[in-house]
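Have a look at the structure below before the remarks.
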Amino acid sequence: MPHRSREQLIQALLPSVRRAGDLAMMRWKTVNQVMTKPDGSPVTVADLECSTLLCEACKQLDADIPVLSEENSASLFAVDGPMFVIDPIDGTKEFIAGRRDFTINIALIEKNLPTAAILYAPAHRRLFFSDGMGRAFEEDGKGHRRQLPPLAKANEAPRIVISRSHLDERTRLLLTKLQPSSVRHMGSSLKFALIAAGEADFYPRLSPTMIWDCAAGQALIGAVGGVVLRPDGKQLQCDLEDGTMIEGFVPSATAELALAAVEIVGSTAVS
């Protein structure tokens, strides 16, 4: 465990995450320089500035906890103890396009599992966090805080949130089989937050992604009784010994819905 409790760490980081949100909003809709990373994905000045701010905040809070950010992942290393994983702006494509669905994310990882996290959608003025004590909260733009209740059983026709950018053939076939009552397209880890808040039931991501894309969302959903599985049905873990890429994930309000989706994925052949 860190020197401070999980709850103390998260509470201490909230002001820095809000500052990162303010910084992102200053750059939003005025993006005039987009760079390309070695993997071909875009990065902006706002990504780099928010990464620097959040990494420094984590180091000042507890210098003994290593920090891994999407924008410094070249310094990847596996650790035995806790570590912070940061995605300074998740949904960079949304950010560049001037859409609101981008988020700022910090997760505390312990024994390969996210145990506490902050997920902030500044353009929506919605901040979510899990305190590592089995609780999750939402704050609005006026600072009003509410505890998120445990997730209820999903409807027979689930409400699905899905990526704008990663709708592949397997995901289309899964949607056909599940027969959702609604499908909402959006970017970033905000989809995890909507499940945690009881506004959606399920989010399939069946193509490869990175640890920092899901760590904060996984902690948030877990705090209210939801699950995040791998497409093979096993619990999603953040094991840096395997690198930072993961083969997709299935966040769900209930284990039953997640397992039903996994069974469909496993039995569906894409020609």
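Cβ atoms here come from the backbone N, Cα and C positions, even for glycine.
All TrEMBL annotations are machine predictions without curation.
For the Mg(2+) 1 site, TrEMBL records Asp87, Ile89, Asp213, and the single candidate of Glu70, Glu71, Glu110 listed with them is Glu70. Within its own chain, Ile89 (Mg(2+) 1 binding site) has Ala24, Thr44, Ala46, Asp47, Cys50, Phe95, Phe102, Thr103, Ile104 as residues 6 or more apart in sequence whose C-beta sits under 8 angstroms from its own. Apart from Glu70, Asp87, Ile89, Asp213, the Mg(2+) 1 site neighbourhood in this chain, defined by C-beta within 8 angstroms of the site C-beta centre, holds Asp47, Ile86, Pro88, Asp90, Thr92, Asn105, Ser189, Met210, Trp212. Annotation for Asp213 (Mg(2+) 1 binding site): same-chain Cβ neighbours under 8 Å, separated by at least 6 residues, are Asp87, Asp90, Ser189.
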